[in-house]
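Only one structure is covered here, and it is reproduced in the block below.
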Amino acid sequence: MKHIAIVGGGTAGWMAAVLFAHIWRDFSVTLVEAPDIPTVGVGEGSTPALKKYFDFLGIAESEWMAATGATYKTGIRFAGWSGRADYPDYFHAFDSALDLHTEPAFLYNCDMRRLGIAVQAHPDDYFINARLAAENRVPVPDRQFPFATGYGYHFDAGRLAGYLSQQAAARGVLHSRARVTGVPVDASGIARLQLDSGETLVADLYVDCTGFSAHLLQGALAEPFVSYEDQLLNDRAVVIGLAPESPAPVYTRAEAADCGWIWKIPLAHRTGYGYVYSSRFCSPAQAEQSLRRHLGVTDAVPARHLTMRVGRRARHWVKNCLALGLSQGFIEPLEATALNLVQTTIEQFADSWELSDFTDTQRQAFNQRVNDHFDGVRDYIVAHYLASARRDTPYWQAATAVPASDPLAPLLQAWHQAGDLRLLLKQPQYDRFYAPMSWYSLLSGYGCFLPGDQLRPGSDKANRFPVQTIRQFLSACATHYPGVGSDSTIHQ
């Protein structure tokens with residue numbers, strides 16, 4: 001393989017272009033992008049994996065964050081999801097090295113409470129990133145504090161794509177502003193690309209980053225789509241941008257709403273809000289008005305409507321074509337996994353290629369890994385709905401009654417029946433995507449326990465991890481992290 005042709009820009013296309021050019025410096029990489037197709041900026045948040053991407057490329061955090069209006073992200077605050085009065089919200093924190101000192105206590109206390117023992121088991125009390133979010137501190141400690149802290153980012157998707165295009169050009173990627181008008185196929189897959197400029201582009205690998213239409217993988221190679229619509233009902237979003245907050249919060253907020261949920265993503269130059277909803281229960285006009293009421297803004301503030309196709313391709317690498325981003329699939333942006341799925345797919349493809357070139361065995365193994373990743377993320381998102389006690393609208397009545405997948409059903413059953421959940425989570429179908437900390441945070445944060453009046457006092461052994469001691473420990477640790485807006489804050 002000597003020539004890679006990427007069709008479509010956006011974050012997925014440019015992320016792939018930069019990484020491929022960085023890994024395979026003797027390859028030729030061309031990105032073909034129609035000049036009149038805008039970037040779909042669904043989800044302007046990341047997981048900690050994005051830091052690894054830029055670190056691998058040797059790009060300074062201070063540089064790319066400033067160029068994209070990025071801010072730090074320690075996790076996600078979920079509000080109004082549980083439907084239980086005693087559990088109005090919880091924080092899903094990104095993991096950190098310091099968790100080694102507090103996570104065992106959290107898991108233990110959760111297990112005790114599942115057995116009916118009256119111990120404190122709310123995730124907000126046990127993780128440094130939850131404390132940093134509460135105190136609005138930057139997740140980069142001073143040099144005297146020897147614990148690495150995991151964190152993600154909030155970013156402007158359009159600016160990130162533009163920044164990556166500059167990085168790609170610096171690495172020799174060719175940028176062709178043209179529209180693909182024809183995609184002839186042959187026994188090897190895609191034979192060539194016909195451009196509206198009259199040119200023909202021939203490559204060894206064709207990367208489909210054309211969005212939900214999947215112009216190459218679906219349009220030319222007819223790869224079927226596996227829908228998640230029977231489990232994830234949301235298929236639309238309406239987005240509004242407002243003035244930035246100062247100082248900007250270091251977390252995303254996801255607040256449950258009548259027909260879906262509303263995100264709040266703080267950037268350096270604006271605060272982004274979006275109402276993710278199901279068109280089965282709410283029209284675009286109703287969703288827009290609901291979001292405007294929530295924000296207290298008039299019709300003078302512009303709104304943008306997006307359509308989401310939730311699911312994945314049956315295969316992501318077919319013959320000489322690889323799909324990335326929306327072309328390969330999409331899961332509603334509740335846990336900001338879109339970019340992580342793109343990054344993981346690129347990295348796994350590179351690993352597969354280095355092992356044995358274009359072989360059917362490698363393609364099959366690769367496709368299974370990517371499908372497992374998509375399905376694993378789907379199950380974690382579905383659990384946000386199945387764990388909820390909300391039944392107050394037709395939407396929530398439907399969303400909480402969707403079928404659990406074969407892997408998800410025994411996991412939820414083990415939690416509710418005080419089974420050995422930690423042992424179950426060690427199985428490969430679970431531990432590759434979300435750690436026990438994440439599953440325990442979700443279910444304990446929702447208050448999926450016996451009611452308080454049915455709990456009983458525990459023995460000294462059951463109370464071996466008093467939460468007050470952990471709170472004091474995290475409070476002391478938090479002093480090693482600067483507040484947002486201080487002189488040591490990078491993104492401000």
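Glycine is treated like the rest: Cβ placed from N, Cα and C.
Nobody curates TrEMBL annotations by hand; they come from automatic prediction.
Cross-referencing Leu306, Leu322, Leu326, Leu334 with the FAD binding residues that TrEMBL gives (Gly9, Gly10, Thr11, Ala12, Val180) picks out Leu326.
A simple way to gauge crowding: the CB of Val180 (FAD binding site) has 22 other CB atoms within 10 angstroms, across all the protein chains here. Candidate binding-site residues: Ala12, Leu326. Fewest other C-beta atoms within 10 angstroms, Leu326. Lys73 (active site) sits 12 Å from Glu335 (L-tryptophan binding site), taking the CA atoms of both as reference points.
Gly10 (FAD binding site) has a Cβ environment of 27 other Cβ atoms inside 10 Å. Glu335 (L-tryptophan binding site) is surrounded by 24 other CB atoms, counting those within 10 A of its CB over all protein chains shown.
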